[in-house]
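Copied from TrEMBL, the annotated features are:
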- 28-170: domain 'Lactate/malate dehydrogenase N-terminal' (DOMAIN)
- Gly33, Ala34, Ala35, Gly36, Gly37, Ile38, Gly39, Asp59, Asn119, Ile142, Ser143, Asn144, Met254: NAD(+) binding site (BINDING)
- Arg106, Arg112, Asn144, Arg178: substrate binding site (BINDING)
- 172-336: domain 'Lactate/malate dehydrogenase C-terminal' (DOMAIN)
- His202: active site, proton acceptor (ACT_SITE)
Amino acid sequence: MRSSLLKSTSELLRRSRGYSSTANPERKVAILGAAGGIGQPLALLMKLNPLVSSLSLYDIAGTVGVAADVSHINSPALVKGFMGDDQLGEALEGSDVVIIPAGVPRKPGMTRDDLFNINAGIVKALSTAIAKHCPNALVNMISNPVNSTVPIAAEVFKKAGTYDEKKLFGVTTLDVVRAKTFYAGKAGVPVTEVNVPVVGGHAGITILPLFSQATPASNSLSQEDIVALTKRTQDGGTEVVEAKAGKGSATLSMAYAGAVFADACLKGLNGVPDIVECSFVQSTVTELPFFASKVRLGKNGVEEVLGLGELSDFEKKGLENLKGELKASIEKGIKFAHGN
Ligand code: NAD
Ligand code: LMR
């Protein structure tokens, strides 16, 4: 789970100096919600990704300006902006990867589930359009509550007859990004060398970082440190929401995390071996139908959902504690998809 984005960016720089020779297949990436707080920096980062040949920026408003702006960057991806329902089909047509950061963010005092009433409908409509216009695309769901929006998309795709469990991903990379940063700071190890799997879901206690599996291993952390690191990772989103004091939630770190995950998906599609990231996917790792864990990515999306490995007693307890909330969130999404 190394930062492949950094590698991609340096590859881009090498190419611009004329060193690169490998031909990658043409890849179209669509961002839905591209004019938003996450959408704009994510559009920038995907424009910098040398694996992207076509970048489609869709939103209900504001994409003309964002697309004009990003399109001036001298990297290979061709950028087009699309706005409103009438242009959604064209925005999606031929996409290999669709990234969805559309919907409202939290304000202080809210849980991610408080966003359900607005975002569930947005995700349902966008998923319906994906089933129609690019049913084979890999879908990277960022919109919250991820624990419910992924099951909503799955049900929409099932109803349309296009569901492929290998192609639907809840983006939980920001939890991994945070766990790496917080662990490196506490353990005093170089942050770029750190790996920490984060499993479960993407809300509060459903976020379960497995610091017992962190590398490089650290002997200097006490059990109290592990408990504090776990809590900080679980509350990372809230930390940003409170710091932004009503002006939204994580956007820049999320754009980075979204770009890392999309880059991994593209590498997998292109046949690069051993691409492993954590993601919230259809799963048999636990009794829950969706669960975040390490996933090996390949030419068809999920190649293998990896198991949890050995857990500490603290992590075993965390795993049992998260199941009730995660199950309820999944069921809420499924029910919504059928009821509306
Ligand atoms: P934002 O309000 O800044 O941007 C959202 C964008 O979505 C806006 O531009 C809006 O016009 C657009 N939008 C609304 N309805 C749409 C529709 N039907 N089709 C297309 N676009 C539509 O919010 P943000 O800060 O970018 O956050 C977006 C979502 O991402 C929120 O739900 C937030 O909770 C979530 N989020 C998830 C993670 C994660 O780790 N998965 C991290 C951060 C934020
Ligand atoms: C995050 O983890 O930052 C996002 O899910 C946004 C939020 O509401 O916390």
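Backbone N, Cα and C define each Cβ position, glycine as well.
TrEMBL feature annotations superimposed on the structure.
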{"residue": "Gly33", "record": "NAD(+) binding site", "DSSP class": "coil"}
{"residue": "Gly39", "record": "NAD(+) binding site", "DSSP class": "helix"}
{"residue": "Arg106", "record": "substrate binding site", "DSSP class": "coil"}
{"residue": "Arg112", "record": "substrate binding site", "DSSP class": "helix"}
{"residue": "Asn119", "record": "NAD(+) binding site", "DSSP class": "helix"}
{"residue": "Ser143", "record": "NAD(+) binding site", "DSSP class": "coil"}
{"residue": "His202", "record": "active site, proton acceptor", "DSSP class": "coil"}
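For Arg106 (substrate binding site), the same-chain residues 6+ apart in sequence whose C-beta sits under 8 angstroms from its C-beta are Arg112, Asp114, Leu115, Asn144, Gly237, Val241, Gly248, Ser249. Residue counts for the domain 'Lactate/malate dehydrogenase N-terminal' (28-170) under DSSP, helix first, then strand, then coil, are 66 helix, 28 strand, 49 coil. The substrate site, placed at the center of the C-beta atoms of Arg106, Arg112, Asn144, Arg178, has further neighbours from the same chain whose C-beta lies within 8 angstroms: Pro105, Pro145, Val146, His202, Ala203, Gly237, Thr238, Val241, Ser249, Ala250.
Binding-site extent for substrate: residues Arg106, Arg112, Asn144, Arg178, maximum pairwise Cα distance 18 Å (rounded to the nearest whole number).
Minimal Cβ crowding within 10 Å, among the binding-site residues Gly33, Gly37, Gly39, is found at Gly37. In this structure, the C-alpha atom of Asn119 (NAD(+) binding site) lies 24 angstrom from that of Arg178 (substrate binding site).
Across the domain 'Lactate/malate dehydrogenase C-terminal' (172-336), the prediction's mean pLDDT works out to 98. Taking Cβ-Cβ distances under 8 Å and a sequence gap of 6 or more within the same chain, the neighbours of Ala35 (NAD(+) binding site) are Leu57, Asp59, Ala61, Gly62, Thr63, Gly65, Val66. Binding residues for NAD(+) (Gly33, Ala34, Ala35, Gly36, Gly37, Ile38, Gly39, Asp59, Asn119, Ile142, Ser143, Asn144, Met254) extend across at most 18 Å, taking the greatest CA-CA distance. Among the binding-site residues Gly33, Ala35, Gly37, Arg106, Asn119, Asn144, the residues whose Cβ sits under 6 Å from any atom of ligand 2 are Arg106, Asn144.
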